[in-house]
Amino acid sequence: MILILLCLTSIWSNILAFNFAVICMDDDGSDTSTTTNTTVAPKSHFTNTQTSMAISVVAIAALLGNFPVVKLVGLVGIRTVFASLGVLSAIATLLVPLTINMGYGYFLAARFFQGLAFAANFPVIGAFCAKWTYFKQNGLFVSTLVAYVQLSPAITNPASAALCDGLGWPSIFYAHGAVSLILFVIYAIFYRNSPQKHPFVGIVELNKISIGKMNADKRAQKSIPYVAILKTPAIWAAWIAAIGNFTCVNTLFLYSPVYLSKVLGFPVNSTGLTSALPPILQFATKLIFGIISDRMKCISEVWKFRLFNSVAFIGCATFLIVLAFMTDSNREINFIILSASAATLGATTGGFYKAAPVLSKQYSHFVTDRFIN
């Protein structure tokens, strides 16, 4: 599970690295030029439109890669698919500095491949939980794996700040790409698609894992009942909740470095550490709520899903609305409100994140893949 978490984190970190690198580029004095009378301010590498397009192309690629990835996961399993796409993400990240120098079109192509690799993340979580988790610890496993969304900025932002200060913005991409490549080589060597095939899984552990799981043959697993899934209201509820979740997540973590640096006025060298605190808080609350969900016995699973979803979305929305009406005169209070909104959203691990694998069983790789599309 830890290896899967690190690999998921790496793919998302490869994408997020650009968001901090943009700040580093704009702050880099290497683009400063002088004349006889004046000093020209550093030139930005990207316009606002180009930056937005670089972020959007990742989502477009993930959308286009959606059905092919799900189909491949059903045919060959996540070991081959995830390892291949992880290596693709690593190579694309390593090539980002080169593509920026070659031209904007080449850079967008590298971002496209990063997004294509990201299309595998949620099918991997669904397939792994369906095959490897204990039924009584499903909430803990799900909360741990989906916490890669928070773990990535918590690692990437401070690491990128240090790399930017010491070695310049290209080192951000080189470091992320190299770490990603190492992780996925290790993953390809040690991971197996099912516990029955893993040499380190004993009979006792295998029996525990098999409790509460449906024994479907490979042919049945490859034939996904799309119509039946689409007719299930509970599945649609999980998908709609996912839309709300990632709207908040993208707002909080994709743009928080820019918000802290440009709006609240935090210096670049401290923006990395500061922007890492909200995702760290959400990472912690995800684990806590996942454990609480597993151990709470006083209400049914359905009501637990509803309770944790309500806490997450109502709480996060309330804090964000308050933040929207605040001025930047007291940036510490702004930062506390931002952190509180992120922390509250961690309750989703006891909600739709846990509901999807429980409801869809062996077809969870298809259901959870809709979370990013």
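Including glycine, each Cβ sits where the backbone N, Cα and C put it.
Bear in mind that TrEMBL entries carry predicted annotations, made automatically and left uncurated.
Noted in TrEMBL for the protein shown:
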{"type": "DOMAIN", "residues": "5-373", "note": "domain 'Major facilitator superfamily (MFS) profile'"}
{"type": "SIGNAL", "residues": "1-17", "note": "signal peptide"}
{"type": "TRANSMEM", "residues": "53-74", "note": "transmembrane segment"}
{"type": "TRANSMEM", "residues": "81-100", "note": "transmembrane segment"}
{"type": "TRANSMEM", "residues": "106-128", "note": "transmembrane segment"}
{"type": "TRANSMEM", "residues": "140-159", "note": "transmembrane segment"}
{"type": "TRANSMEM", "residues": "171-190", "note": "transmembrane segment"}
{"type": "TRANSMEM", "residues": "234-256", "note": "transmembrane segment"}
{"type": "TRANSMEM", "residues": "276-293", "note": "transmembrane segment"}
{"type": "TRANSMEM", "residues": "305-327", "note": "transmembrane segment"}
{"type": "TRANSMEM", "residues": "333-353", "note": "transmembrane segment"}
- Query: When you scan the chain for residues with a C-beta under 8 Å from the transmembrane segment (333-353), skipping those not six or more beyond its ends, what do you find?
  - Reply: 139, 142-143, 146-147, 150, 237-238, 241-242, 245, 248-249, 252-253, 256, 259-260, 264, 274, 277-279, 281-290, 292-293, 304-309, 311-313, 315-316, 319-320, 322-323, 326
- Taking a Cβ cut-off under 8 Å, which residues six or more beyond the ends of the signal peptide (1-17) line up next to it in the same chain? 58, 82, 85-86, 89-90, 92-93, 96, 111, 114-115, 117-118, 120-121, 124-125, 128, 132, 141, 144-145, 147-149, 151-153, 155-157, 160, 172-173, 176-177, 179-180, 183-184, 186-187, 190-191, 253-254
- Note on the structure: Within the same chain, the residues 6 or more beyond the ends of the transmembrane segment (234-256) and with Cβ under 8 Å of it are 16, 19, 55, 149-150, 152-153, 275, 278-279, 309, 312-313, 316-317, 320, 338, 341-342, 345, 348, 351-352, 355-356, 359-360, 367, 370-372
- Stretch-averaged pLDDT - the domain 'Major facilitator superfamily (MFS) profile' (5-373): 80
- Item | the transmembrane segment (81-100) touching the transmembrane segment (171-190) per 3+ Cβ pairs under 8 Å rule | yes
- So which residues does the transmembrane segment (81-100) touch in its own chain, when a touch means Cβ under 8 Å and the partner is 6 or more beyond its ends? 7, 10-11, 14, 17-18, 45, 69, 72-73, 106-107, 109-111, 113-114, 116-120, 123-124, 169-170, 173-174, 176-178, 180-181, 183-185, 187-188, 191
- Other same-chain positions with a Cβ less than 8 Å from the transmembrane segment (276-293) and lying at least 6 residues past its termini are 139-140, 142-144, 146-147, 149-155, 157-158, 252-253, 256, 304, 308, 335, 338-339, 341-350, 354
